[in-house]
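Read the structure below first, then the notes.
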Amino acid sequence: MSLKRKNNAREGTPDEDLEEYSDYSDVDNYGEEDDDSYKPAPRIRINNNKTKAQTTTNSNEARQSGISAMFGQNDFSNLLGLKLDHTARPLWINPIDGRIILEAFSPLAEQAIDFLVTISEPVSRPAFIHEYRITAYSLYAAVSVGLKTEDIIAVLDRLSKTPIPPSIVDFIRACTVSYGKVKLVLKKNRYFIESGDASVLRLLLRDPVIGPLRIDYSTQSSKQKSSKPSNEDNVEDKKDITNDSSKETAEKSSSDELFSAVVGLQEEEDDEDAVHLFEIKHSSVETIKKRCAEIDYPLLEEYDFRNDNINPDLPIDLKPSTQIRPYQEKSLSKMFGNGRARSGIIVLPCGAGKTLVGITAACTIKKSVIVLCTSSVSVMQWRQQFLQWSNIKPDHIAVFTADHKERFHSEAGVVVSTYSMVANTRNRSYDSQKMMDFLTGREWGFILLDEVHVVPAAMFRRVVTTIAAHTKLGLTATLVREDDKIDDLNFLIGPKMYEANWMDLAQKGHIAKVQCAEVWCAMTTEFYNEYLRENSRKRMLLYIMNPKKFQACQFLIDYHEKRGDKIIVFSDNVYALRAYAIKLGKYFIYGGTPQQERMRILENFQYNELVNTIFLSKVGDTSIDLPEATCLIQISSHYGSRRQEAQRLGRILRAKRRNDEGFNAFFYSLVSKDTQEMYYSSKRQAFLIDQGYAFKVITNLKGMENLPNLAYASKAERLELLQEVLLQNEEAADLDDGEDTSFGSRSLSRAPAKAKRSSGSLSTLAGADNMAYVEYNKSANKQLKKDSKEHHALFRKHLYTKRR
C-alpha cells in the first residue's frame, strides 16, 4: 500500500480505507480457507461502529467486485469453487464454452495430456499452460476408442481443481449417449445404414432429409428387387419393424411404405439382437452423414477387416528393418481397436513420419489401398516410400497421373493418384476414363488421404464419395483453413483421432528444433512515398521489393552459407522471386518451370556442395522433401494464411544430422515495417504460436552494412529499382497460382483468361506495358443506332429524314 493510503488510514476514514484495501485484498489467496493473514481486523479497529460480520461481508463484496473488474466475463468465482487439494490437480474447465486449461508443469500433466488428447481437441500448447476444447466430435472419437461416458466424467473430476460444471456433464452425456447406435456399412459396393435398434432407423427415415435419400425397392424393377439383400430372417425382421397390428393393416398403412426399405440381417455371433438396415445412394452419403451429425446420431464407420472374406487380401507387411516411433504407434492405436479399423484423421507435424503411419495402417488392414496426394511428385514419393518401408512387390503398386495410367493386375493392390485426377468432371481421355471405371467399379478396403485439409474444397470433396472404401484415414500437419470448412472433415472423413505435440517431439529429437524470427525491414523513403500513393495491388509489389528487405535477404543467405547451411527462400510473388534470384545468382523454381528442370535443381541442391540456396514459389509448400534444408527465409507469402506458414516451416522440420546444442534449424520471415505486411504476418504466426513456437523480432542485422557487394547500397540503385517496379503493370503483383497443388502435373483448373481487366494510363492505351485497346461487339453498337424506339421524338424525326 502506498504511503498516501497509510496516512488516510490514520486519519480515520473507514469507508475510503475499505475501498482502497479492496483493490489489493486477498485475490491471490481467494478460496484458501486456512489463511488469516489478510483478515479485515485492522479495519475493525479503525471503524468501531461496525461489527465483525458486517465488515467481513463488505470486504467479501468489495473483493468480489475487484475480481469481476479484473477478469470480466472470465470471472467464474461464483460458479466454480476450488477443491481443498486444488494445488495437486492440473486443470479446470470453463463452464460456458468447454475450454480446458491445463498446467503443463504439474506432476500429473503427462497423464492428463494423454487423456485430454483423447477426449478433446488441442487449441494452444505453449510451454507452461495448455488449452483444450471439448467438442461433440472429440467426444465421438473418445467413445469410438472404447471410453465410456461415466469414465470420462470420473477422470475429468479427478483431475479438475473444481467440481465439473453441470453444463459440461450434460454436454458429455448428450454427445456420447447416441454414438455407435447407427453405422455406415459398405457391402458389395453398396452403402447401408445399419442399427441394432429398429426405432432408431424409424427416426432416421422420418427425417425430411434422410428419408427421401433411401433406395426404395418398391420402385425398382423385378430384376433390381432380386438383388436386394435377403436371408432366412429378412422377412420376419422386416415384419417386426413395420407391422403394428396385423399383416393386412400393415400393407395399407403409410408407415409400411415408409419403412419398406428396412431389412433385418442374421444375428451376429457376439450379438443376440438382429441388425436392421436400409440402403442409400452413393451420391447421398455425404448429405446423410452431415444430417446424422446434426441430429446427434453420428454414423460410426468401422471395418472388421480380419473377418472380411469378400475382398481379397493384399500381400504386404513392413520390412523387418522398419521401426515405428512411439508417437506413431500411439496414433495408430487410436485407429485400430477390437480388431477393427476406424475412419478419422491423424495430425502429425511435417517431418514426423506421416507417410510411415499411412503405410503401417495399410499393412495392418491388408486390403486394396488407394492413396490420394496433392501432386504428381508426391505420388512418386509415396510409391517410393511403399517400396522402401514395406515388402510389397513393385507390380502391385499402380500410379494414376496425367503421365502414367497403370493398373495392378493382381486381385489386390495399391493405387497412388492425385485429388485432381479423381475429382475431374470434364471429358477424359480413353485411358483416363478406363482407369476411373476401374477405381469406381470395385470396393476398396482403405483410402488414404494425404494433406487432408484440401478435401473440404468444393472440387476435391467429391472424391470421398466417388471412391467406395471401408475405411478412410486423413493425414495432415495443419488441420486449419481460412474458409471455416475444416469442420466438414468430421463427417466427410471422421473425427480427429490423434494430434501430436510439436514441442514434445522437438524436445525428444524426432523433429528439428527451430528458431523462428521476424526480421523488420524499414522501408526506404522513396519506396514508402510511392507505397502511400499507389493502389493496394501495387503496394504489395513495393513492400516485397523493398531494398532493405533485399539486403536483409542477401545478408542472411551469406551468413548461413558460411555456416554450412542449406537455404530455401520462399516467395509467392513470381516477379520478386525472379528479381531476387537473378540478382543474387541463385536457382529458382516456380509454376512455369519445366518438370525436368525442377528435378535437376532439386538434385543439385541435395547433393551438390556448390548449390546451397534455391528460391521457391508456393509450388514448394507441400510437394517437396528436402531433409538437407536447415534454413528458410520467407520474403513474400499468401496474405494471412496460417496453413502456409506451418507448411513452410515443415520444409526444415525433419530431424537433422547435426545434433548441435540448442537450435539446429532457422526460420526467418522478412517483413517491411509500417505496411500491411505486418498485419498479415501476425495472422500467419497464430498457428505456430499455438503449437508453442516463439517468434523473435529482429530490428537490426548487425554487420549488414559491411557486407561486400551489398545490393542497392546507393540511392541511385534504389531509384533505378523503384522505376523498374513502377513500370510493372498490376499483373506483376499477382501471386504464383502456378499449380501449387499440382507440382509437376497438369493443372485441372480453368484455363487462364485471354484478357484481363486492368487499370491503366493513357500511355497504356497507346500501346505501353504490352497492352492494347480493343473494342468488342461492334455490331451491338450499330443495332442500338438503328433502334429508333430508344430515341426521343425529336431525334426520331431527324433519324427518319436521314434514312429516307
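Including glycine, each Cβ sits where the backbone N, Cα and C put it.
Summarising the annotation, Swiss-Prot assigns compositional bias 'Acidic residues' to 14-36.
The feature compositional bias 'Low complexity' is assigned by Swiss-Prot to 47-60 (among others).
Per Swiss-Prot, the feature compositional bias 'Low complexity' maps to 220-229 (among others).
Under the heading compositional bias 'Basic and acidic residues', Swiss-Prot lists 236-255 (among others).
According to Swiss-Prot, the domain 'Helicase ATP-binding' annotation covers 335-497, on the basis of sequence analysis. Summarising model confidence by region, the domain 'Helicase ATP-binding' (335-497) averages a pLDDT of 88.
Under the heading ATP binding site, Swiss-Prot lists L348, P349, C350, G351, A352, G353, K354, T355. Taking a C-beta cut-off of under 8 angstroms and a sequence separation of 6 or more, P349 (ATP binding site) has the following same-chain neighbours: A477, A500, W502, L505, I511, G650, L653, Q691. In the three-state DSSP scheme, P349 (ATP binding site) is classed as coil.
The motif 'DEVH box' feature in Swiss-Prot is assigned to 450-453. Per DSSP, the secondary structure of the motif 'DEVH box' (450-453) breaks down as 2 helix, 1 strand, 1 coil.
The domain 'Helicase C-terminal' annotation in Swiss-Prot covers 551-705.
Here Swiss-Prot flags 784-793 (among others) as compositional bias 'Basic and acidic residues'.
Here Swiss-Prot flags 794-804 as compositional bias 'Basic residues'.
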Additional residues surrounding ATP, by Cβ distance to the L348, P349, C350, G351, A352, G353, K354, T355 centre under 8 Å: V357, A477, I511, G650, L653
Conformational class of T355 (ATP binding site) under the three-state DSSP mapping: helix
Residues near A352 (ATP binding site) in space but at least six apart in sequence (CB under 8 A): Y327, Q328, A477, A500, L505, H510, I511, L653
